[in-house]
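Listed features, source Swiss-Prot:
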type	residues	note
BINDING	Arg117, Gly148, Asp180, Asp289, Leu290, Glu318	S-adenosyl-L-methionine binding site
COMPBIAS	1-13	compositional bias 'Low complexity'
COMPBIAS	39-52	compositional bias 'Low complexity'
COMPBIAS	53-67	compositional bias 'Basic and acidic residues'
COMPBIAS	215-248	compositional bias 'Low complexity'
DOMAIN	1006-1166	domain 'JmjC'
REGION	1-76	region 'Disordered'
REGION	215-272	region 'Disordered'
REGION	879-900	region 'Disordered'
Amino acid sequence: METTEEVVAPATTQQPATEVGSAKPTTSTYSKKQKKPKATTTTTTTDGTTPTHNEHASAKDPRKAQDDQVMGTNNSSIVSKRSVEKLYYPNEPHFFRFFVKKFQRRAPLINRGYHFRLHVIDVLVRNFLQEQRTGDAKGKRKVVVNLGCGSDVLPWQCLARYPDACRSGEKDGAKFVDVDFPDLIERKKRTVLETPELLGPLTNVVVPEFAPVPSTPAATTTAAATTTTTTELKTTAATASSTSTEAPQKPKKSPKPKDKSKAARAPAPTTAPTGIVFTSDQYVQIGCDLRDLATLQDSLTRAVGGDLSSCTFLFVAEVSITYMETPGADAVIQWASSLGDSEFVLLEQLLPSGPTHPFASTMLSHFHKLNTPIKSVDVYPTVASQVERFRSRGWGSGDVRVWTLWEAWADAEDTFVNAAERRRLDEVEPFDEWEEFALFASHYCVVRARTVARDGQNKKKERGIPNGRELGLPVEKVKVRWDDVPGQRGQRRFAAGAVLTSSSPSSEKKEEVKLLNVMGLGTKSRLQNCDVYGRKKVGDADEADGTDEEKTAVPFTFREGGPSTRMCHSLTDFGTAQLLVGGRASPSTPLKDCWLLEKTNGSESEWAWKRTNDLPIPLYRHSVTRLGKTDMALLAGGRGVADIFPDWLLYEPKLGWIRCEIAGDVKPTSVYGATLACLRQESDSFSGVFTGGLSDDGLIADQLLAWNLDVSNSSRPVVTFVPLQVKSGDDGREEALSRLLLTRFGASCLPQSRTDFLVFGGVIKDHLLDMEDEILLCSLKGDGELTITRRLVPEAANAKSPSHPGPLLLVGTSPVVTPDDGSLMIVGGGATCFSMGTFWNKGISTLELALPAAVENEASPIPAYGWVHEKTVDIIPGEPRSLPLRNQAPNGAEGNANGSVSVRIQPIPRVRLENAEDFARIVREGRPVVLEGLNLGDCVSQWGNGDYVAKKVGTDRKVVIHESTTPAMDFTTKNFRYVTTEFGDFMRRVEKGDRLYLRALSTDKPTEKPAVLSDDFPSLATDFVLPPELALVGDRLFSSVLRVSGPVNMWLHYDVMANVYCQIGGSKRMILFPPSDVEHLGFAPGASSSSIDVFSTLFGESSDSRYLAQVTHPHEAVMTPGDVLFLPPLWLHTATPTSDSSIAVNVFFRDLEGGCYAAGKDVYGNRDLAAYEKGRTDLTRIANSFQKLPAEAREFYLLRLADELRRKAKGAQ
């Protein structure tokens, strides 16, 4: 257990109150029949002095003062462990709660880190307990000794989790021994005695009489053969040790504290006893100074019955002995190896990349500030040094295995956690702090050492460490200019950077370059703004520290409107515009809205956000790259609400996002946070690289792929993949280690030429990325060979500045390359360093990348430009309230010279399903799709014959139909009438060309029950089947409706439930609009239908036509027999026959949880969701609350509320 999250209590400087071994202290066994003696005596130490427990004494003893500070930090550590216990182990008994007064939920990173720390220790202890021993070890009692235990509850957890392995209740079962400061052990003993849940599992409890015990009733204690109950425990002390030189004092009654809180603060009347203070069959407490190994061994010998050789030991030191002076800690390790058949589990910190690494420096600074420095890490900073530490101290003849926690997370042997267990962790709480978890886990190691090797387990397979220095990769030192940004300005991570150019108002019209870092996570919360930096000229001799801000010639502003606050989004440079895609609020709230940042007409300094086509599903940590010099982009992977997005999408400005067909035998692993870059552009194809990313099992994927995208048919793009082989340096050695350097999570991939690209930052599997390997220049040859050309190592150009920040942490940064000179700017970034503070990259660093061929140790020239932070600009969320200008068409419509607009309609993609999961994925994505090639039964071949259908239904069957006098029915104005007629007559009139429409209702109770084809038309229903690929529809069926129509349009409306429209006979043209278009299409409050005739209005010449063409995003599909249209909920749609008649089956199903739908009757499946109905009621109440205000004030505030609601709606994608 550790400090403010991270410090442990190892041992104390106090001497034992009784000389254990020379004079055995008196003990008491408490039962109903025997009460404790009420007398107390003053004990003396072995040097004849009277011990005291003076809280102020530590001021005179620096070593005692430091011990007290280490001991005091236990309280924070157990709060974090209690948070883990409650969240991650809901179905187990909870024991930390007895040591933590008030539950505090920690941040996900702290919870995940502490959970894994605890889990790794638990696995190694479990393995020790469950191992079947042979030979000399067979039959030996297993003893687990927790060195620096603090308030850990390992004994009770093991007794509850592994009762058979512990042989709970048996005298020769496993025994657990807690060792720590006497003062801390004293408090822990009191808690145990006062808590029935802790005392209950223990049998034959004995508390030595010199050990003070609480004056409150204790729990029931069950002995092996007799049940005994302690009814009242009062504070006592043993008689003086035989080593005392003074006569025993007259026993005095110990005063009872008035309340526990005061007692906890008051000095103890006697020193906390040293040695054994609590024993039972299963559990022992020893208060002891770990630097006094003689006393520790003496106490341990007594704890196990006097014969150490009859036991096999497991010593656990979870970040505890590292607070001791290193020689003392090493002595503990050496001593433990001398006890025969022993194991040692050590968990403590590492410095894998040295003390200057940003995480390491933050960690070391944290412990120094607490006056609890970790000492072992200076001598044993690496895995290799820890191995040698144990091998040279008595463990060399057995086996020593060391994992960093990051290695343990991904251990190929599933030693600690397997893929299914890693996946289950994501169900506990949303988690997206992977880089920070990797940094933490790379700076901690767990050692498992054994004095006796097990068969087949004596060696750990050495895999090597991915290190460019060891691989012999060339180095190029790149000069970096650093420009300071005062205060906390510029501190944001997981933002997105962009370079914008603006013309200067001067006569030369010189372009000014601006660098933006957009939104992201700030020091306290996600940010709704962006930082704007301006470029400044730097003289050859300039060594300025970057603190002077200059006024630049061109101001910078945003027009009102833009994306809502987010992080983990992307910005892709199209030259004249920037495409912002997705991102997230919390990890459970991904976003799907997309925006273009463009210069406004007639302005050189004003930029505006314009909403463009949304993603098919919300995504964050996706990978996006611009395709050559076009305005198209390729998107790969990303994280959705619950799953990783498996598809690749092409962004085409006029068509929106189009799913790519993944062809060929090589399929990429579904990941997020991967690196993606486009390197080459041909006439109708593009190619590039795709590497790494995090898969659904929580591991970084080992994938290095070259991809090729064919866009010869832009509506059906095809992408193929080829695996890449890595040549490391000039000799191609150690490919596996080189692959580890390239397969990253959270890195950036920056194209440099048709063959070269940079891999920048991020984290890698198993190991900490060395600071010299963070920026790699790579080259891709046409034969599929990938070479790491060289490592680019930043070397500060102005490191003489007293405020120079030192090494950067390349996590959450926004790397941007300027188009004019190829410089690489690094802005923002940093990480939460577990519980030890947050490291922020300061200022902005500029690397000159337009370099000649590199020579070893030859540095690049100093960048010629620096940067100043000009201002932070707010982004007002929501779309601009003004209507689009004439000839501006946000949906891709083209403006004509005469003012009319030619509407651009996006075709609905057509796909073939392989299985039911394919359809489930489509439903989750919530975008319309035409499904081809499904087997709907005999209906497709038979129902085109009207006579056949009439005979199947029954010619005299009465049905209610719509009879219209116009080609376009309007539900709002009811320009049709309901007519009851015979089905045979209806079919004859349809074939004759009458404007008729049938939407079948339930036969039995048409006003109460939804229609179901099998119930209402059983003879006809035998011809229609839902194919197995649509199993989800059948499982969640709400209704299935027969639809037959003549030459008449169905009005524009939306369905609250998802549905599949199965075209059986004839053909229809369907026009769909996304839900976000609802405000433009004439839907009255509470109405699900509109009076707009889309087919005449959208394609007309009127002002309404131009307006709709500009502001809506129509999608189109022509349905022919056998086609199935998936209609997501709330997509507005209308239809017109393209044949003389049409017949279809429309199947509705529930795609949301039941509680989302409104309660009560819903015959058509079209009743609005419960939240909307409640919202309308709330809206009326809110409006009524303004009735007493003057009319102008009422209008003013209601309009402001309406605007706020609108902004929230646009931001909550």
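In case you wondered, yes, glycine gets a Cβ from its N, Cα and C as well.
Neighbours of Asp180 (S-adenosyl-L-methionine binding site), defined as other CB atoms within 10 A of its CB across all chains, total 31. Within the same chain, the residues at least 6 positions away from Arg117 (S-adenosyl-L-methionine binding site) whose Cβ sits under 8 Å from its Cβ are Glu318, Leu347, Leu405, Tyr444, listed in sequence order.
Of all residue pairs in Arg117, Gly148, Asp180, Asp289, Leu290, Glu318, the annotated binders of S-adenosyl-L-methionine, the farthest apart have Cα atoms separated by 25 Å. Taking the Cβ of Glu318 (S-adenosyl-L-methionine binding site) as centre and 10 Å as the limit, one finds 26 other Cβ atoms among all the protein chains shown.
According to DSSP, Glu318 (S-adenosyl-L-methionine binding site) sits within a strand segment. In this structure, Gly148 (S-adenosyl-L-methionine binding site) belongs to neither helix nor strand by DSSP; it is coil. The number of other Cβ atoms within 10 Å of the Cβ belonging to Gly148 (S-adenosyl-L-methionine binding site), over all protein chains shown, comes to 30. A simple way to gauge crowding: the CB of Asp289 (S-adenosyl-L-methionine binding site) has 22 other CB atoms within 10 angstroms, across all the protein chains here. Around the Cβ of Leu290 (S-adenosyl-L-methionine binding site), 25 further Cβ atoms fall within 10 Å across all displayed protein chains. The DSSP secondary structure for Leu290 (S-adenosyl-L-methionine binding site) is coil.
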